[in-house]
Number of protein chains: 2
Amino acid sequence: MQTQPRPQEWADVTPDTARRLLTAAVQAFAERGYHATTTRDIAARAGMSPAALYIHYRTKEELLHRISGVGHRLALGILDRARASDGTPAERLARAVRDFVRWHAEHHTTARVVQYELGALSAEHHAEIVALRRSSEAAVRQIVEDGVAAGAFRVPDVRGTTLAVLSLCIDVARWFRADGPRTPEEVGELYAGLALRMVGCDDGA
Amino acid sequence: MQTQPRPQEWADVTPDTARRLLTAAVQAFAERGYHATTTRDIAARAGMSPAALYIHYRTKEELLHRISGVGHRLALGILDRARASDGTPAERLARAVRDFVRWHAEHHTTARVVQYELGALSAEHHAEIVALRRSSEAAVRQIVEDGVAAGAFRVPDVRGTTLAVLSLCIDVARWFRADGPRTPEEVGELYAGLALRMVGCDDGA
């Protein structure tokens, strides 16, 4: 059960105090929303003074930008590794969906902040995040196009279908409950099969 | 382009002042989140005094409960009409998805509040809304089960696949932009086809 973001999610954030503030911000944003959270709330959750927070982050928006950047880079890494991996397009699409779904299930608190608070980023930071999202989309679209070119997938609308597959995975963060009936692995497996059906690559089940 | 919730969405809310406050609350919650919005903000958006608001709604939570109830009853109506409609299971599933997607695209501002602020409802109100959600899910599951019974759908996991189809439709509210490349009708048409593929009812495209 995820009550705190998993350590490896923020492993690259140093020093410890900066990482502690980031995980406190994720929890606060997820519970009350970005706009209802103050830097004072975040510092208190991390057991620090507001002054200690400002050593690492000048503004609340800088915390959100950092969270969003880490989340989007992890997502892009997952999808790009699947794109570049060995195997047929069907195997690579299944891998992309399975791993992307698992991430959204296991890190659903972070994923919700990352997905629902995009509008609170500054224009410059928003543009940077949108570029990462476009790269994620391009990675999955490449797998779909490879499948179509190989004659393994039948997809009348490659762009729309790619976005739908990503959307299905992302929405796992909204409804997934750690105490629910399915594990992240089980949802990932189910969704990998559904994604293959969406691209017209039937499993014969 | 939806800048204000469509009037018919709130047609049953009377008198006019109560409806005006409800649409102001939807806009405020969507922009800043439930917790960052005060009843004073909502009254000001509606051009009223806080005292005038309290004539109609005793608390902010009462406004959210009303919005969530209207949204969930409209959603249930759409899905239940499709379930009870004439036609094959494939035609009924396509109708359910097409109409449900259109609603989430056209009313994406309301839908986001309805979907993302469930945690802010009181325990009693939350239980009431969860019951409406279960009925919506049951309506779609019935169509899927009808399709399986008729031999038209191949669905190894009826419950999981039903939830995935609903999730795909709901997430339209997150990404849909009125100034984007697709109309609500076009997204509905694409998604109806994808849902049929998800239940193993291939269109041969």
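The backbone N, Cα and C atoms fix where each Cβ goes, glycine too.
The domain 'HTH tetR-type' annotation in TrEMBL covers A:15-75.
Summarising the annotation, TrEMBL assigns DNA-binding region to A:38-57. Packing against the DNA-binding region (A:38-57) from elsewhere in the chain are residues 17-18, 20-21, 23-25, 27-28, 32, 63, 66: each is 6 or more residues past its ends and has a CB under 8 Å from a CB in it.
With DSSP states grouped into helix (H, G, I), strand (E, B) and coil, the domain 'HTH tetR-type' (A:15-75) comes out at 47 helix, 0 strand, 14 coil.
Mean pLDDT of the predicted structure over the DNA-binding region (A:38-57): 95.
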